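A.B. asks: Starting off with a structure, shown below.
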Amino acid sequence: MKKHIAHLLLLLLTTFLATQFTSAVDFLLNGFDSSDVSLYGNATIESRILTLTNDTTFSIGRALYPSRIRTKQPNTSVVLPFSTSFIFAMAPYEGRLPGHGIVFLFVPHVGIQGSSSAQHLGLFNFTNNGNSSNHVFGVEFDVFKNEEFRDINDNHVGIDVNSLISLNASEAGYWPDGENSFKKLTLNNGKNYQVWIDFADNIVNVTMAPVGMKRPRQPLLSFPLNLSEVLEDEMYVGFTAATGALIESHKILAWSFSNTNFSHSDSLITRGLPSFELPKTPIHKTKGFIAGFTVGLLVFVTVCSVAVFLLIRMNRRIRRQRDEMEDWELEYWPHRMTYQEIELATKNFSEENVIGIGGNGKVYKGILPGGSAVAVKRISHEKNEGIRAFLAEISSLGRLKHRNLVGLRGWCKKEKGSLILVYDYMENESLDKRVFECDESKMASYEDRIRILKQVASGILYLHYGWEAKVLHRDIKSSNVLLDRDMNARLGDFGLARMHDHDKVAGTTRVVGTVGYLAPEVVRSGRSSTQTDVFGYGVLILEVICGRRPIEEGKPTLVEWVWELLRRGELLYAVDTRLRARGGLNEEEVERVLQLGLLCAHPDPNARPTMRQVVKLFEGKIEVDEPEEGEDMEIYLLEKMKTKEIWSMYPQIFNSGSSSSHPTFEEIRKGLFGTMSHSWSDTTVEGR
Ligand SMILES: *[C@@H]1O[C@H](CO)[C@@H](O)[C@H](O)[C@H]1NC(C)=O
Ligand SMILES: *[C@@H]1O[C@H](CO)[C@@H](O)[C@H](O)[C@H]1NC(C)=O
Ligand SMILES: *[C@@H]1O[C@H](CO)[C@@H](O)[C@H](O)[C@H]1NC(C)=O
Ligand SMILES: *[C@@H]1O[C@H](CO)[C@@H](O)[C@H](O)[C@H]1NC(C)=O
Ligand SMILES: *[C@@H]1O[C@H](CO)[C@@H](O)[C@H](O)[C@H]1NC(C)=O
Ligand SMILES: *[C@@H]1O[C@H](CO)[C@@H](O)[C@H](O)[C@H]1NC(C)=O
Ligand SMILES: *[C@@H]1O[C@H](CO)[C@@H](O)[C@H](O)[C@H]1NC(C)=O
Ligand SMILES: *[C@@H]1O[C@H](CO)[C@@H](O)[C@H](O)[C@H]1NC(C)=O
Ligand SMILES: *[C@@H]1O[C@H](CO)[C@@H](O)[C@H](O)[C@H]1NC(C)=O
């Protein structure tokens, strides 16, 4: 009997040990070989560095530890503790805007199915984001602020469970030991950072620091989390990353993971790692200085004084250059204000005067000595990108005057600190607040929305044709349309605008704009034109009439959705339900406006109307069927609609059924523009 019990105990012990053994995972990778991880999508290993994405737009890369790992104590829902650490870098490409981020993740399956690029980070897609059957736990290092995922900023670390809406997030950075101040880290500057992620007792801790630094004691994120429902019993673990039209390359240099030995994370080799920072422009160096040391005291002093003399001269020259620059600025740009004036107006930039936080910095309300209200935009000097954007903003907006553009009052450049722009104050905030974030009483009525769209069109028309140089806005969206006291629309935020001569082909290698409003050709080639503004305007029309953001989780894009409704003959369902509830819609007009939106957001730039044509159409011609002289609108649109591309651009919609179920072009054209006819002759340019 005793023997039996001893035997049983032994058996239990061995099974216990066996399960303990199989659930133990323990690895330390100081550099990668192809056998260390399995690669999916665009992930590659070169020189022992794991690169998740390459410089193709909309690339996804994923790397997973080759075998599943056990995540729970056998036959229980108790999640095993784990500790992982890795070193990553987000390498910027010269002259391109930052893209999207890296995610450390647990997934139930291999491969990249079910994930999209860009803002979905190669983690989820439109339909499965937020679905609890994903069984995904991730820690994101994201450099894009996505409003639909409620991202806190464009440089954050977040804890994600089955969704890109982070459960908890923080600005990237660390709390240095023994200090009470937070140190911000910029994720995508090419620098190498070490991350530690620990899970135990239903708490997940995330810590990061510049590579080489001892792990700070206080974690960046410390968040209570019960993973027992999230993780399956066995999971794959690894990294995923994605790019959009905005690109950088995502690299992992070393990685350790363990659920038994928690001291691995201190064994990552942090020295001698390559750097992915862009080379800085070299700073002037003073030569012939060191020679002085080897010679006698007299010579030393002489050399010193010569050097000092030279330095002072050089300094003076630099300062003179700066002054010259500012003289030139004064010649062209509007009134320069003193910092004191602006300080006084905004009560010393007090927090209570903050009326908004833009992509470039905070916006304050201010009162000038005369009593007129202004909006003061302030940008700090540390980001070169922002400065350049603002200089462009001054130089274009400052000289442009139109009743549908936000007027620039003045500006101020502080020697050290910040660049400040002073605009006319817009009493009624931005259009998106009147469409999306408001109660019934504040919501823009249908008539308001149509009038606002007309006014925006005339503002864009002025930008495109009203000035001696063609000005592209490049970032037309509802949050950039501001409303003045009389609810008149004024297009603002020319931070992304660049001047173009009428004759020159507008071109750029950098993609600027906002995801969801970017024309397909911008995403493909990075080139902007007046027709890409027309695309943005088309999306704006749809957004304002439908009361839906261009991109929303779990849904097709706005443009695709409206096309689909048009195809099914249910266009009116697209209209904002709150507007429909109010009733009194002019259905025919609504349909035409939506059709105009779709035409403007046509994938083929040549098929889009020009702003001239749009404004003409709005000048009373949308509601009235009044044939005019000149080219017939039907013929014009028939020509435009003949571009077959539209079918291939939206394959999900148009290639889904059998071809016989597709409406013919004739049907689409009839459906789109009915009997409306119109002359496309040029309009006169609106006043300055
Ligand atoms: C990107 O990665 C893929 C591998 O998925 C490769 O075929 C392609 O050539 C790479 N492109 C560039 C531009 O490096
Ligand atoms: C990988 O890169 C190629 C181009 O180099 C691209 O065509 C392909 O879609 C990319 N694959 C993924 C999964 O991102
Ligand atoms: C866990 O459950 C499986 C079947 O459900 C069983 O075969 C195994 O012996 C159990 N293991 C332990 C340690 O209880
Ligand atoms: C998203 O991924 C799921 C699989 O997880 C797939 O069934 C679905 O079709 C995908 N949706 C899109 C829009 O790609
Ligand atoms: C979540 O995904 C599962 C499986 O893909 C699907 O059956 C279910 O309908 C989805 N749930 C939601 C709310 O989308
Ligand atoms: C993150 O979680 C901590 C602790 O639970 C909490 O104090 C903090 O407000 C959270 N932050 C966000 C952005 O959710
Ligand atoms: C997480 O951080 C907190 C606060 O520093 C600490 O008390 C806790 O032990 C940590 N947990 C893990 C799993 O590292
Ligand atoms: C975690 O969730 C599981 C399942 O919902 C539950 O059984 C367990 O008690 C939870 N653990 C804690 C510590 O709350
Ligand atoms: C734990 O890991 C450290 C560093 O990798 C190693 O030196 C140590 O021997 C390991 N301990 C055990 C018990 O495996």
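Here the Cβ of each residue, glycine as well, is placed from N, Cα and C on the backbone.
What TrEMBL records for this protein is below:
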- LYS377: ATP binding site (BINDING)
- 349-622: domain 'Protein kinase' (DOMAIN)
- 1-24: signal peptide (SIGNAL)
- 289-312: transmembrane segment (TRANSMEM)
A.B. asks: Helix, strand or coil at the residue listed as 'ATP binding site', per DSSP?
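C.D. replies: The residue in question, the residue listed as 'ATP binding site', is strand (DSSP, three-state).
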A.B. asks: On the 0 to 100 pLDDT scale, where does the domain 'Protein kinase' (349-622) sit on average?
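C.D. replies: Overall, the domain 'Protein kinase' (349-622) comes to a mean pLDDT of 79.
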A.B. asks: Just counting, how many other CB atoms are there within 10 A of the CB of LYS377 (ATP binding site)?
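C.D. replies: Other Cβ atoms within 10 Å of LYS377 (ATP binding site): 25.
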